[in-house]
Amino acid sequence: MSDKVILVFSGKRKSGKDYVTGLLQERLGKANCDLLRLSGPLKKQFAKDHQLDYDKLLDASEYKEKYRAAMIKWGEDMRLANPAYFCNLAIADASTSASVWVITDARRKTDMDYFNKHFNKVLSVRVVCDDTIRIQRGWVFTANVDDAESECNLDDYAHNIIIRNDGNQHELEMQFQSLMERIREM
Ligand SMILES: Nc1ncnc2c1ncn2[C@@H]1O[C@H](COP(=O)(O)OP(=O)(O)OP(=O)(O)O)[C@@H](O)[C@H]1O
């Protein structure tokens, strides 16, 4: 088994997963810390299998909206057939020399099971934030998205670390210090 430290991040839309994981990568340095997105390979593979434009699927364009439902359905089918499918694709693309891998967007217990099964040093990190702040960041409750399994499956998961990201930078900094300490101790 690999000796890498694996930090598996999850959180609601606009809780700040990208922001917090980006900051963490800055602190640890890009050479030491690689960010792995589980949603990236999904879109890449979907585009490839359906002869679509991958770049256009990544942005918030009409193009992406047009294929959103089909992409979600395809993702569900692939995951049902093989729960490890997207995790395998994500790690295949990751930097082998980085000592820390940060998964930026875990959504399922099967994602957690995957990393716990394949790696020794795993921490699950949940980014949380009040809904009022998420709304300020542009979140709009969307039926069939925010109440779907892909958003809610990890709500009751026993995460190792909770990071509160309500926008108080001092509070975030303190939590960062203890996260860095946990990483050093692993
Ligand atoms: N602590 C913070 N201080 C300042 N801005 C923040 C902070 N956290 C998040 N933001 C901003 O809020 C917005 C949403 O954050 P981010 O994209 O990281 O959320 P996310 O959880 O990755 O969202 P999604 O699931 O929709 O991709 C971004 O513009 C980000 O820069």
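Think of each number as a place in line: the chain as shown, counted from 1.
Any Cβ shown, glycine's included, is placed from N, Cα and C.
Lifted from TrEMBL, the feature list:
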BINDING   Lys12, Arg13, Lys14, Ser15, Gly16, Lys17, Asp18, Arg137, Gln175  ATP binding site
BINDING   Asn165  substrate binding site
Return only the integer: C-alpha distance in Å from Lys14 (ATP binding site) to Asn165 (substrate binding site). 10
Counting all other Cβ atoms within 10 Å across every protein chain shown, which of the binding-site residues Asn165, Gln175 scores highest? Asn165
From the Cα of the residue listed as 'substrate binding site' across to the Cα of Asp18 (ATP binding site), what is the distance in angstrom? 11
Are there any residues at least 6 positions away along the chain from Lys12 (ATP binding site) with a Cβ closer than 8 Å to its Cβ? List them or say none. Val128, Cys129, Arg134, Trp139, Asp146, Glu151
Binding-site residues (Lys14, Gly16, Asp18), the one with most neighbouring Cβ atoms at 10 Å: Gly16
Among Lys12, Lys14, Gly16, Asp18, Asn165, Gln175, which binding-site residues lie by ligand 1, judged by Cβ under 6 Å to any atom? Lys14, Gly16, Asp18, Asn165
